Amino acid sequence: MKKVCIVGASGFTGGELLRILLQHRGVEIVCATSRRFKGEYVYRVHPNLRGFTQLKFVEPSIDVALKADVVFLALPHGESVKWVPKLYESGVAVFDLSADFRLKDPNAYVEWYKWPQPHPYPDLLQKAVYGQPELHRDELVGAKLVAVPGCMATASILMLAPLAKFGLLSDTPPVVDAKIGSSGAGAEGSVVDLHSFRTYVVRPYEPVHHRHIAEIEQELTRLAGRKVRIAFTPHAVDIVRGIFTTGHVYVEKLPSETDMWRYYRALYGDSKFIRIVKDRLGISRYPNVKYVLGTNIVDLGFELDPRLNRVVTFAAIDNLVRGAAGQAVQAFNIAMGFPEDEGLRQIPIAPL
């Protein structure tokens, strides 16, 4: 039984960590922290957990976190870096859901996250494992510092990884169009995330320099064995949960459909969570966010365009589960020797 502390447990991601870990048979949650709600019952902030826990929020501190064997950090970008060195030095396993340890290049934090100086702990950047289980499974075994990928990066990387791995990416950068629900803005959000502004919206934001580009390019470069650049534009849309990405990859030689199935199965054939959706019949012939909500499932698909030598790829995930808390727990399971799907065996709800 692993004793777990969730630091920053009052937000959407923290709430999902609580929901998942309360169902995990190998975990005891010993603390859930929140400055704003310290002393309050967890279920009063996360009403869906009523009747499942009597935990109360406590003031966050290193000393509190050190009571656990494992700490999940669900903190804003730029905050985890203040916690990780002390926790890591103390021997506690850390699963960081912020971006603070995702990028291997210390200087990248100046460009992509507007830090005033390069990352202060370059040694820890190299020790951190990028927590995408299908692509880093061996590295995750026994890992003590895991950087959980970003939500839109998760969908984009898994969607394009087979093409990068098997040499289909040309010198023309892939174009990725992403759509994300309002929960991606967090529990506090901004004025444009209020219902009256968000309803009916399809709105681009950070259309040419979104920070998730850095980790997408980092991972695709690793898989391809050469520098990969992408064009990436996200859109806020009128749903609460979910991310849908469409990739346009212009190739020198169009693969056959049989080849595409072979590439996807070679990379993901053993995955408990990835489904390849490309059906000739049925009501959902390609990936659809609607059929992954509340789960750690990734639905991937593709189509071929011989007119333009274009491979069109698709990915659908729940941004709060596979894009954050669920992927963190999946990585935790591998690192700690639990079954990979422990706590994550939810079947999607339909209709919804």
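Heads up, the Cβ atoms here are built off N, Cα and C, so glycines get one too.
When Cβ atoms from all protein chains are considered, those within 10 Å of C151 (active site) total 28, not counting its own. The annotation active site is assigned in Swiss-Prot to C151.
Applying an 8 A CB threshold to same-chain residues 6+ apart, the list for R36 (NADP(+) binding site) reads S10. If you look up Swiss-Prot, you'll see S10, G11, F12, T13, S34, R35, R36, N319 marked as NADP(+) binding site, on the strength of sequence analysis.
For S34 (NADP(+) binding site), the Cβ neighbour count at a 10 Å cut-off comes to 22, with all displayed protein chains included. Each of the binding-site residues S10, T13, N319 was scored by the number of other CB atoms within 10 A of its CB, and the lowest score belongs to S10. A Cα-Cα distance of 5 Å separates C151 (active site) from N319 (NADP(+) binding site). For the NADP(+) site, whose binding residues are given in the record as S10, G11, F12, T13, S34, R35, R36, N319, the maximum C-alpha distance rounds to 25 Å. Every protein chain considered, the tally of other Cβ atoms within 10 Å of the Cβ of R35 (NADP(+) binding site) stands at 11.
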